[in-house]
Amino acid sequence: MSTGDGVAGQWGGVDVHFGEEGGRLTYGSYLRLAELLDQQRLESDPPAHDELLFITIHQVYELWFKQVLHELTASRDAMLAGEHWLAEHLLRRVHTIERVLTQQVDILETMTPQDFGEFRHRLSPASGFQSVQFREIEFLSGAKDPSFVRRFRGLTEIEKDRLRRRLEEPTLWDAYLDVLGKSGFDTDSEDAIRDALRKVAGDRSHYAAIWELAEALVQHDELAAAWRARHVVMVERMIGTKPGTGGSSGANYLRSRLDLRYYPLLWNLRSNL
Ligand code: HEM
Ligand SMILES: N[C@@H](CC(=O)c1ccccc1NC=O)C(=O)O
């Protein structure tokens, strides 16, 4: 029997109730969909059909970047607190998100260069190069580069503060070195760290948790590299060798970023096992 503002009934003999009861939370109000779905504003006029796809995929990326930052920050803090299982658990969640970030480039590639060209001229000087959250992920992961903060134009004060904070706070690598140090290893030099990593790799039954954490960091590094590689091929498919709207040489600049690694000592370890 309906109470007038919802649907009630029996479910396996139990009274259930669907729908709003006296102005209670709804799907739309909980997720603030009215605001969210009003944020896709096209620059092209008349509107180019594919610009909505372009905006939507970027906003989806930035929501996932926000989630990745949430998880990587918690993973770093878990390592610093000695909660190794939690740190690894959260890194493995990030791996699943990063695989989606690479896979979803396929959606953007349903756009042709001709259709991208319908609105690309409206985008300069905006570029993904200015993605503050992308840089925060790089800094937090271990690739701190203060030059990006200096080179960014049009940053808000809040964005500048966010980048400065990421440059000052411990990285995931700092946290991993803290784990090694608290496990009795010397981490005061690169040679000492290399030696510690060889000991961990050589006795996984004794150092299982520390080894698995290193593997989770390497996986994060590999998946980030996979996205950079997927992005540059997509870029070449979209704009060939044209310079980027952000002022770079375009694909050539992006190719120069393909060798970036967050954890070089973990990759070098493979050469000595
Ligand atoms: C038609 C699709 C796209 C094209 C043609 C494109 C092109 C470019 C180019 C040429 C650059 C170099 C900077 C510049 O001069 O603009 C760049 C950088 C970047 N783009 Fe894209 N991009 C596309 C889609 C995306 C998407 C969907 C994302 C997701 C967030 C993204 C994220 C980035 C990031 C983070 C950078 C900086 C990379 C770095 O500095 O290592 N791009 N893009
Ligand atoms: N840099 C891209 C333009 C572009 O893709 C873009 C433009 C505005 C906001 C985000 C973008 N995505 C990545 O750069 C290009 O040169 O075509």
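Quick reminder: no glycine exception, Cβ is built from N, Cα and C everywhere.
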In TrEMBL, the substrate site includes PHE54, ILE55, THR56, ILE57, HIS58, THR245. Which of ARG120, ARG135, ARG194 does it also list there? ARG120
Using a Cβ cut-off under 8 Å and a sequence separation of 6 or more, which residues in the same chain sit near THR245 (substrate binding site)? ARG120, LEU123, SER124, PRO125, ALA126, SER127
Those residues of the chain, 6+ apart, with a Cβ under 8 Å from that of THR56 (substrate binding site): GLN40
Substrate site residues PHE54, ILE55, THR56, ILE57, HIS58, ARG120, THR245: biggest Cα-Cα distance, Å? 19
